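Colleague: Relevant sequence annotations retrieved from TrEMBL are reproduced here:
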BINDING   Asp13, His201, His203, Asn237  Mn(2+) binding site
DOMAIN    4-267  domain 'Pyruvate carboxyltransferase'
REGION    393-519  region 'Regulatory domain'
Amino acid sequence: MEKVYIFDTTLRDGEQAPGFSMTADEKLQMAHQLAKLGVDVIEAGFAAASKGDFESVHLIAQQVEGPIICSLARALEKDIELAGEALKPARRKRIHTFIATSEIHMKYKLRMSPEEVLERAKKAVEFARRFTDDVEFSCEDATRSQREFLYRVIETAIKAGATVINIPDTVGYAVPEEFARLIEDIRNNVPNIDRAIISVHCHDDLGMAVANSLMAVKHGARQVECTINGIGERAGNAALEEIVMALKVRKDFFGGLYTDINTREIYKTSRLLCRITGSFVQPNKAIVGDNAFAHESGIHQHGVLAHPLTYEIMNPEDVGFPSTRIILGKHSGRHALKRRLNELGFKLSDEDLERIFEKFKALADKKKEVYDEDLEALIYEEFMKVEEEEPIKVKHYQVQTGDNLLPTATVVLSFRGEERTATSTGNGPVDAVIKAIQKALKVEPRLIDFSIKALTPNTDAQAEARLVIELDNVKASGRGVDTDIIKASVSGFVDALNRAIMRRNYILSKESIREEGTV
Ligand SMILES: CC(=O)SCCNC(=O)CCNC(=O)[C@H](O)C(C)(C)COP(=O)(O)OP(=O)(O)OC[C@H]1O[C@@H](n2cnc3c(N)ncnc32)[C@H](O)[C@@H]1OP(=O)(O)O
Ligand SMILES: CC(C)C(=O)C(=O)O
């Protein structure tokens with residue numbers, strides 16, 4: 001069993017992605033979570049980039065315990081000095097210095113000859129060693145560098161004191177077999193390569209960052225540089241969660257290599273990054289996407305309900321994912337529908353299930369997803385006597401809120417035709433208006449779940465409020481949508497109350513449906 005070190009560069013290369021800049025406080029929050037996740041190295045930033053980034057590296061070096069804290073630095077004394085200064089408080093620190101070794105970078109970008117680059121690499125590593133014994137050296141654009149020259153630069157860096165040699169596929173150009181061969185060739189051709197850990201740092205321009213990193217590990221690399229959610233320059237970096245879970249799930253293939261990552265913290269870390277950057281991962285993203293453990297099609301749902309391993313190669317809880325999600329939609333079948341109805345408290349005979357299934361399919365053809373409220377409505381319409389009209393109707397409400405102002409709401413509503421008014425304060429405007437409604441109706445349902453989400457990314461977005469309440473042992477859900485979050489919450493709450501009241505007061509008309517506290 002050999003360990004693969006996880007070098008997290010979310011706060012450096014990840015942050016280089018447009019729109020992903022973080023403040024020092026945000027970086028600190030992320031760094032604490034990365035430490036909990038169990039990464040070996042946190043590349044906290046590029047101290048020479050700006051005062052803010054210097055501050056971020058410094059703050060993380062001061063406050064985050066556990067992982068090695070690292071700063072990137074060009075092969076320049078002033079960059080390395082700033083990195084050393086920023087990292088001073090860290091218990092374990094690393095300076096990561098780099099210079100490009102490909103002809104195109106040396107000629108056009110650095111305007112340096114290969115001999116000058118070689119000399120600069122040597123000097124940079126030697127200088128960095130004045131600040132710490134842990135110095136990483138990267139040959140930027142290694143995969144497009146001339147082989148013999150690359151070997152010479154690596155050999156020189158090791159002689160100068162580099163303890164980690166990083167081989168970046170800076171522009172995401174490599175393919176897995178070729179990258180694996182590069183790592184093997186470096187191991188076979190660079191004298192004293194055993195004195196350093198070989199690291200890889202892959203970009204995803206051709207969608208192969210993770211595959212390249214894994215092949216490199218299979219062929220001798222022992223550190224992988226990666227980012228949460230795969231964020232990073234252009235198409236991003238290798239995604240940490242994918243590398244770690246591939247090594248874990250396919251340890252048979254990777255010969256027992258392991259990482260020290262606490263995989264149960266993966267989902268939480270991914271979501272924290274989303275919250276901080278305001279940028280969510282696509283639903284089909286491996287490991288952390290919303291759909292990573294969701295099943296909408298009947299054949300898969302049936303399989304997963306029978307045994308999760310039929311369609312899931314890992315347990316969602318192992319990555320801290322809430323749970324397997326069975327989504328009801330037009331591809332779903334009777335097994336999944338029956339299970340969901342059972343969970344909602346409806347036990348149907350085979351004959352009744354058949355009736356509901358037909359209605360469900362007809363509805364699913366019109367909707368992307370069939371929610372619990374839709375199912376409840378189907379059952380309700382099909383099997384229960386209903387009141388002609390919803391008992392509660394909101395006529396008017398008004399909320400006063402602001403800083404230094406106790407949120408206060410007044411509602412005017414009718415309950416089965418009788419007008420009622422009430423005023424309440426609350427812990428925020430939504431709380432105030434919900435309390436005013438409860439006061440007017442003289443009910444106090446238990447709020448089981450309440451969420452508000454924006455349906456579109458703009459400031460004028462439609463907000464969707466979803467609630468689950470329990471009133472006199474009757475559970476009901478409600479939904480409200482509006483550009484005004486208070487209005488969405490009021491509609492959702494009243495929707496749930498109406499459903500609960502109608503269900504409580506009207507008896508099930510079919511014997512085949514047993515009321516089990518939840519209707
Ligand atoms: C592959 C990677 O991800 S590398 C890391 C990329 N990350 C970043 O660039 C983020 C932080 N960068 C910055 O904030 C700025 O680029 C700074 C502060 C570092 C430098 O800013 P400036 O001094 O204005 O230079 P600018 O960014 O325009 O150009 C880069 C300079 O660094 C030089 N350079 C680039 N890489 C290296 C290196 N590894 N070692 C030494 N010099 C280098 C370039 O040749 C150029 O030099 P020149 O100014 O003499 O022409
Ligand atoms: C500095 C190096 C490691 C880098 O980010 C790259 O080459 O992509």
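Positions of Cβ are set from backbone N, Cα and C atoms, glycine also.
Source: prediction; values computed, not measured.
Map these features onto the structure and tell me what's around them.
Modeller: Shown in sequence order, Pro168, Asp169, Thr170, Val171, Gly172, Ala209, Gly232, Glu233, Arg234, Ala235, Gly236, Asn237, Ala238 are the residues of the chain, 6+ apart in sequence, with a C-beta less than 8 angstroms from the C-beta of His203 (Mn(2+) binding site).
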Colleague: Which binding-site residues from the set Asp13, His201, Asn237 come near ligand 2, judged by a Cβ under 6 Å from any of its atoms?
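Modeller: Once distances to ligand 2 are taken from each Cβ, Asp13, His201 fall under 6 Å.
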Colleague: Can you tell me the three-state DSSP label for His203 (Mn(2+) binding site)?
Modeller: strand
Colleague: Report the DSSP secondary-structure composition of the region 'Regulatory domain' (393-519) as helix, strand and coil residue counts.
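Modeller: For the region 'Regulatory domain' (393-519), the helix, strand and coil counts are 34 helix, 57 strand, 36 coil.
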Colleague: Restricting to the same chain and to sequence separations of six or more, state which residues have a Cβ under 8 Å from that of His201 (Mn(2+) binding site).
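Modeller: Once residues fewer than 6 apart are set aside, His201 (Mn(2+) binding site) is near Phe7, Thr9, Asp13, Ser138, Asn166, Ile167, Pro168, Asp169, Thr170, Glu225, Asn237, Ala238.
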Colleague: Setting Asp13, His201, His203, Asn237 aside, what same-chain residues sit with their Cβ within 8 Å of the center of the Cβ atoms that define the Mn(2+) site, listed in sequence order?
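Modeller: Output for this site, in sequence order: Thr9, Pro168, Thr170, Cys202, Ala209, Glu225, Cys226, Thr227, Gly232, Glu233, Gly236, Ala238.
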Colleague: Going by DSSP, give the three-state secondary structure for Asp13 (Mn(2+) binding site).
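Modeller: DSSP assigns Asp13 (Mn(2+) binding site) to coil.
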